[in-house]
Amino acid sequence: MGFVKVVKNKAYFKRYQVRFRRRREGKTDYYARKRLVIQDKNKYNTPKYRMIVRVTNRDIICQIAYARIEGDMIVCAAYAHELPKYGVKVGLTNYAAAYCTGLLLARRLLNRFGMDKIYEGQVEVNGDEYNVESIDGQPGAFTCYLDAGLARTTTGNKVFGALKGAVDGGLSIPHSTKRFPGYDSESKEFNAEVHRKHIMGQNVADYMRYLMEEDEDAYKKQFSQYIKNNVTPDMMEEMYKKAHAAIRENPVYEKKPKREVKKKRWNRPKMSLAQKKDRVAQKKASFLRAQERAAES
């Protein structure tokens with residue numbers, strides 16, 4: 001079929017239908033969302049869970065959600081800004097932090113449903129492929145599907161770091177090793193050791209060592225927070241190992257105490273009737289005193 005020019009006449013504008021708001025804003029890929037949300041018709045009221053991963057400039061957000069007509073219901077959430085509690089105070093948006101956030105989400109969710117002792121996941125991090133399988137006589141493994149949003153799902157993306165953390169934490173998420181760091185598209189082989197290095201922050205540590213030797217000023221500028229918190233390249237692996245153990249030990253979210261805010265009043269409050277009468281009496285008395293002084297003088 002040849003090129004057909006769109007004639008923008010009166011009928012075109014009269015029948016024009018705008019796209020969904022979140023599509024107009026460039027926030028939602030409805031082609032992907034439809035496939036992530038719609039459940040099999042023979043499963044009736046069973047929700048289809050999604051593991052939502054979003055990476056911002058300063059944070060990594062991981063959520064487990066399911067769709068309802070009223071809107072998405074969030075079952076559990078974990079954030080990279082919670083990691084300082086577990087000993088990771090710097091680099092909260094790198095691949096290693098994404099793994100920790102995914103692990104925290106998985107352990108928190110399973111703890112909430114009382115399944116954390118049944119599905120321990122992969123305790124020893126080796127970067128290799130791991131899949132959670134349901135145990136006979138126990139509740140089935142919690143299954144969900146990765147929702148990467150509008151992120152480019154290229155090999156080594158941080159979204160897959162969060163996915164790997166959640167899988168190692170005990171969630172059943174369908175995936176392959178093709179998008180993990182360490183996969184070679186030419187030889188079609190996966191190097192688990194390269195992936196493990198990324199999970200343990202060794203790629204960052206290697207770059208830190210390189211900058212320390214080559215450009216001291218660039219190192220001080222780029223890794224100022226690492227220097228401030230006394231984090232050296234040799235400490236990185238141990239820091240993440242301790243963080244993984246701490247997350248497994250206590251993944252429960254602690255609510256912050258509510259701050260009591262004293263309300264300030266910027267305008268004058270209304271006067272009662274008694275106050276108004278008293279004010280009038282004071283003004284009268286003041287006026288009469290002024291009249292008397294004027295008469296005396």
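Glycine is treated like the rest: Cβ placed from N, Cα and C.
What Swiss-Prot records for GLY2 is N-acetylglycine, and it gives similarity to another entry as the kind of evidence. The number of other CB atoms found within 10 A of the CB of GLY2 (N-acetylglycine), across every protein chain shown, is 3.
DSSP classifies LYS5 (N6-acetyllysine) as coil under the three-state reduction. The annotation N6-acetyllysine is assigned in Swiss-Prot to LYS5 (among others).
Per Swiss-Prot, the feature N6-acetyllysine maps to LYS48 (among others). Following the DSSP three-state reduction, the secondary structure of LYS48 (N6-acetyllysine) is coil. Sequence-distant contacts of LYS48 (N6-acetyllysine), defined by Cβ-Cβ distance under 8 angstroms and a gap of at least six in the same chain, are LEU36, VAL37, ILE38, GLN39, TYR66, ALA67, TYR145.
Residues or ranges marked as phosphoserine by Swiss-Prot on the basis of similarity to another entry: SER185 (among others). DSSP assigns SER185 (phosphoserine) to coil, not to a helix or a strand.
Residues or ranges marked as N6-acetyllysine by Swiss-Prot on the basis of similarity to another entry: LYS220 (among others). All chains included, 13 other C-beta atoms sit within 10 angstroms of the C-beta of LYS220 (N6-acetyllysine). According to its DSSP assignment, LYS220 (N6-acetyllysine) is helical.
Swiss-Prot lists LYS220 with the feature SUMO2 cross-link, giving similarity to another entry as the kind of evidence.
The feature SUMO1 cross-link is assigned by Swiss-Prot to LYS220.
As annotated by Swiss-Prot, phosphothreonine applies to THR232, with the evidence given as similarity to another entry. In the three-state DSSP reading, THR232 (phosphothreonine) counts as coil.
Marked as region 'Disordered' by Swiss-Prot: 253-297. Remote same-chain residues near the region 'Disordered' (253-297) are listed as 82, 108 (criterion: CB distance under 8 Å, separation of at least six residues from the stretch ends).
Residues or ranges marked as compositional bias 'Basic residues' by Swiss-Prot: 258-268. Secondary structure of the compositional bias 'Basic residues' (258-268), assigned with DSSP and counted as helix (H, G, I), strand (E, B) and coil, comes to 0 helix, 0 strand, 11 coil.
Under the heading phosphoserine, Swiss-Prot lists SER272 (among others). For SER272 (phosphoserine), other Cβ atoms within 10 Å of its Cβ number 9. In this structure, SER272 (phosphoserine) belongs to neither helix nor strand by DSSP; it is coil.
Reported as a whole number, the C-alpha separation between SER272 (phosphoserine) and GLY2 (N-acetylglycine) equals 81 Å. LYS5 (N6-acetyllysine) and THR232 (phosphothreonine) are 62 Å apart (CA-CA, integer value). For THR232 (phosphothreonine), the count of additional Cβ atoms within 10 Å of its Cβ stands at 14 [all protein chains shown]. Proximity of SER185 (phosphoserine) to non-local residues of its own chain (separation of 6 or more, Cβ distance below 8 Å) is seen for THR155, LYS178, given in sequence order.
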